[in-house]
Amino acid sequence: MPHSYPALSAEQKKELSDIALRIVAPGKGILAADESVGSMAKRLSQIGVENTEENRRLYRQVLFSADDRVKKCIGGVIFFHETLYQKDDNGVPFVRTIQDKGIVVGIKVDKGVVPLAGTDGETTTQGLDGLSERCAQYKKDGADFAKWRCVLKISERTPSALAILENANVLARYASICQQNGIVPIVEPEILPDGDHDLKRCQYVTEKVLAAVYKALSDHHVYLEGTLLKPNMVTPGHACPIKYTPEEIAMATVTALRRTVPPAVPGVTFLSGGQSEEEASLNLNAINRCPLPRPWALTFSYGRALQASALNAWRGQRDNAGAATEEFIKRAEVNGLAAQGKYEGSGEDGGAAAQSLYIANHAY
């Protein structure tokens, strides 16, 4: 039987567990504002705004200047490296702006996906080199949690056993390194919604991927109470001809989680995966109304699904900043309700909130 060499002290474990629980306190979720410079280029070009460092700062300021209404629905904000060191118009660092609201600051630490040779276009994620040193610095600079994204895709031949195993192991290495530095790792194995597969196929693949991830986390002695999971919801592929209800998506999603995610994990913060703002809220709401026991907080870690209406309202104009911030607050509040199963739906069929945010082969 393997011996246990304690990786973390009782104090370290308590700190990690406390941070994780703060982020997913009832009715709270995560704003993912960690789009890379390249991803911001796509967002800004949609509204005809040049992708400069100053414009990226101004856009992040729209989100981060939200008033105290967001305290009750946002538990954490994921920053990109550049944003972590930017300030608002008054010279106040964004990190302090967020911390002063009692919101936990997080940082994206992976360095993007790279091809896995010998596979059918599958990938792994790079960024383990120097990660411990970067985590130590980020912790000093105010970050208490981190995010690392792995990507898997569903096709006839994928995900392969190799891709599942490699990505599970890289997530576990990342998680272990974060915890050694007092940072809560968000483990993100995203199964892309590309393809014409049905709900059952996505559920099956999600179960296989999550089972591998938690096996790897155990192998690497990761302290589960000090982690969060950021999975896809179980949904059909974007090209699937069958339309499923939020209730069907919720049942498939919660069933997959119940079969694979230990109850020691404090929270599951779903990615929105290109769903429209409204769809992402309705599905999260249905998940929290699902009639199965759910031992974890089930909440959101949304990027596009919290930002699309705000971006549309802003359009790079200073005069629109206030209105854009209001749009963000509205989505944050809606998702805070959905995370408690208390959202009744907007009744809006049109408008920005109903626009699909799907991008094929999405890479940040």
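Cβ atoms here come from the backbone N, Cα and C positions, even for glycine.
As recorded in Swiss-Prot:
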MOD_RES   Y5  phosphotyrosine
MOD_RES   S36  phosphoserine
MOD_RES   S39  phosphoserine
MOD_RES   S45  phosphoserine
BINDING   R56, K147  substrate binding site
MOD_RES   K111  N6-acetyllysine
MOD_RES   S132  phosphoserine
ACT_SITE  E188  active site, proton acceptor
ACT_SITE  K230  active site, schiff-base intermediate with dihydroxyacetone-P
Which of these recorded positions has the least crowded Cβ, counting other Cβ atoms within 10 Å: S39, S45, R56, E188, K230?
S45
Nearest to S132 (phosphoserine) by Cα distance: which of the recorded positions Y5, K111, K230 is it?
K111
From the recorded positions Y5, S36, S45, R56, pick the residue whose C-alpha lies nearest to the C-alpha of E188 (active site, proton acceptor).
S36
Sequence-distant neighbours of the residue listed as 'N6-acetyllysine' in its chain (C-beta under 8 A, six or more apart):
T125, Q126, G127
Round to the nearest Å and give the CA-to-CA distance linking the residue listed as 'phosphotyrosine' with K147 (substrate binding site).
26
Looking only at DSSP and grouping its letters into three states, which state does the residue listed as 'active site, schiff-base intermediate with dihydroxyacetone-P' belong to?
coil
Taking Cα atoms as reference points, which of the recorded positions S45, R56, K147, K230 is nearest to S36 (phosphoserine)?
R56
